Amino acid sequence: MDPEQNDTKPPFNPICATRQAPYSHEILENLDITGILLFAILTFMTLVSLLVFLEEAYYMYRKIPNPKNSIIIWINAGAMMIATTSCFGMWIPRSTMFTDFTASVFLAVLIHKFQLMLVNECGGRREFLSTFGDTKLKISTGPFCCCCLCLPHKDINRKTLFILKLGTFQFAFLRPVLMFLAVVLWTNGTYMIGNSSAEKATIWINIGVGITTITALWAVGIMFNLVKDNLKEKNIIGKFAVYQFTVILSQLQTSIINILGTTGVISCVPPLPGPSRASYMNQQLLIMEMFLVTVICRVLYRRRYDDKNLLENQETNDNLRNSMMHLNGKALEDGPQSV
């Protein structure tokens, strides 16, 4: 009776036990027509995102002066880089740690640059301090202290602005450092995705990443609540919504799907074990989502500057024309005298 029952059970695949990501050729060999079409469409969407960003970066570089153009280019690069790294991770599953490291670096810089853009759109640091110098800063905002309504309001001065900038700069610095440490420990087997035991470094690195992330988001939230009424005509609410959308999808969505993969909710389907299949699904979702974010960013940031640049170019041409007329008139007056 027992041998017959054993014959009816499906054979156990060792891939599900090792939980090791497959090589790229193993993925490609197991693709059906639907999988091939999906790979082609997602790769095409990634290429379109890259081309849209390059065109937008060229436009910003030519039309907008420094340092505003570099800040906006960095912000627009975030979604494109997440889509690109996700595409590489989809094609090469074993590169997930390295693609996640690259995406996290760009995300950290994106959050810091977005806060700098809020100050820059107010006219710079001096204009920002003169505009909001008499305003009290509300620090009981999400995601860190939204429930602590009893927190006092702070005066806005150079020290306050420096602390807010430090809140995002620490994330731009520490997040790449922590992810680099995770990659190094992963090669040694000390860092394992989904392993929450205290003996492994995974849980401690994840706690550090979580603290730095929440602190940076808190600083940006405080700054946004302060300037949003003054920057409504500059589409700042839409830009902030897209920024939040990018952060939530690249962080919260990824964490939830990875937890589902490590707990077995997303099951093993050879050649992909559970955690690798979860990363595989998340990468495909991120490509589609970041494609939409790239297109929306182009609309928001491009439309904002078209009319302004047109007026600036007209003013520059008028000033140049007036200067040339003045120089020509002066030359005609001075010519006979010099002779």
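Cβ coordinates are placed from backbone N, Cα and C, and glycine is handled just like the others.
Relative to the membrane, Swiss-Prot puts Thr190 on the same side as Ser276.
Contact between the transmembrane segment (284-301) and the transmembrane segment (98-118) is not supported, since fewer than 3 Cβ pairs fall under 8 Å when only residues 6 or more apart in sequence are counted.
Same-chain residues lying 6+ beyond the ends of the transmembrane segment (71-91) with a Cβ under 8 Å from its Cβ atoms: 24, 27, 39, 42-43, 45-46, 49-50, 52-53, 56-57, 60-61, 64, 99-100, 102-103, 106-107, 109-110, 113-114, 116-117, 120, 243, 246, 250, 279-280, 282-284, 286-287, 290-291, 293-294, 297-298, 301. Within its own chain, the topological domain 'Extracellular' (92-97) is flanked in space by residues 21-24, 27, 182-183, 186, 193, 272, 276, 279-280, 283, which lie at least six positions past its ends and keep a Cβ under 8 Å from the stretch. Mean pLDDT for the topological domain 'Extracellular' (92-97) in this predicted model: 88. When the topological domain 'Extracellular' (276-283) is classified with DSSP, helix, strand and coil residues number 8 helix, 0 strand, 0 coil. The number of other Cβ atoms within 10 Å of the Cβ belonging to Asn188 (N-linked glycosylation site), over all protein chains shown, comes to 8.
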